[in-house]
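Please read the structure below before turning to the comments.
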Amino acid sequence: MNRNPDQNTLPNITLKIIETYLGRIPSVNEYHMLKLQARNIQKITVFNKDIFVSLVKKNKKRFFSDVDTSASEIKDRILSYFSKQTQTYNIGKLFTIIELQSVLVTTYTDILGVLTIKAPNVISSKISYNVTSMEELARDMLNSMNVAVIDKAKVMGRHNVSSLVKNVNKLMEEYLRRHNKSCICYGSYSLYLINPNIRYGDIDILQTNSRTFLIDLAFLIKFITGNNIILSKIPYLRNYMVIKDENDNHIIDSFNIRQDTMNVVPKIFIDNIYIVDPTFQLLNMIKMFSQIDRLEDLSKDPEKFNARMATMLEYVRYTHGIVFDGTRNNMPMKCIIDENNRIVTVTTKDYFSFKKCLVYLDENVLSSDILDLNADTSCDFESVTNSVYLIHDNIMYTYFSNTILLSDKGKVHEISARGLCAHILLYQMLTSGEYKQCLSDLLNSMMNRDKIPIYSHTERDKKPGRHGFINIEKDIIVF
């Protein structure tokens, strides 16, 4: 039987807090389930909604001025959400409402509200790069890798983009400046800051408080547009979340990383924004081309990749003094694949202190083998490299998340060989190791190459797990 709690036997203060929040006397079950949330509930109850409404209106005026909605509509949506618990009787939904309201109450002002106040002066820190001089070289390199055969019968996943992306991009530009210790960008927008001729869509970010930021942003969009916003977590992308609207249109995504990982990511400072060092991004692009899907993307739009590649090549030429004369020495390093055990052995003794690198194509197998080694010095760089690295007895152990292309039976394609070398160089950059000679040889090994057809490729590691999501409208959190 669901009875009201006896006010004589229950702590009066806690009961009053819950009663005020729910707008009704809680049932016995509600009281006992919610009493440990009393502190959070009290913060929500005393939260100044008028100031919050003002901040959202200012965010709307600055970043969403073209969205047709009135100030009164925004206020009504906010007040409606902060009173939603009064019409909710499901305990699970009440917990979700409390959790999400708590995020808004405790973080919104510092994360998004701060974007409405006067910004610090922008420190102009751009260098003029002669990207044009690298365009022909980039085109030659990419042409030799343009070997994917497109299967016209293959159904490609559609990536529908929301019309709000341009508004969110405007907000993100300011966010990256205000929060440049906890949020950095990479990808097309970061290269656009170096070369304004680069085209970009949404802004790719790494940050240390991704979940909180995305929840705050989702509510901002909800309060301004009235649309239901859903946050999704993808199991095979590590610490990745994406915001989509109710029609499954992509708005923005983000990878979350630890602060200690953020501290070691190579980065440069441009106009008050930190971007991932283009040298590091170039290595990631070389690694990425081992993925068969990315080669298909290259085949569809080579000029898009050419602009990015030329920009990064010019950056490394200018920054590291790389001479592009075709001197490749021992690059790419020798790679031997064991297809049965799904391990590639890379001979590294010509460049590094460890003599070889065992590259696992199954992450769980690597984790098991590291445990067997009883070694506790592995480095986990999360989504920055999608792998741990361990050096033990002059052997590096690591995981490679992409496909391995083969040019013949049992023979690693040179595109994948370079991708594996780039993966090792990412570790060298992250740990402040030596990489410049190896980088020079790797880039020169991409010059003047003929196209080599793909014989076959290994499959990617299958990632376990389920999709998670936060549905604001339905008060559901599944993670």
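Note: Cβ is positioned from N, Cα and C throughout, glycine not excepted.
Other C-beta atoms found within 10 angstroms of the C-beta of ASP202 (active site) number 20, with every protein chain shown included. Look at Swiss-Prot and you will find ASP202 (among others) tagged as active site.
Summarising the annotation, Swiss-Prot assigns Ca(2+) 1 binding site to ASP202, ASP204. In three-state terms derived from DSSP, ASP202 (active site) belongs to neither a helical nor a strand segment and is classed as coil.
The Ca(2+) 2 binding site feature in Swiss-Prot is assigned to ASP202, ASP204, ASP253.
If you look up Swiss-Prot, you'll see ASP204 (among others) marked as active site. The 10 Å shell around the Cβ of ASP204 (Ca(2+) 1 binding site) contains 20 further Cβ atoms across the protein chains shown.
Distance noted between the C-alpha atoms of ASP253 (Ca(2+) 2 binding site) and ASP204 (Ca(2+) 1 binding site) is 7 Å.
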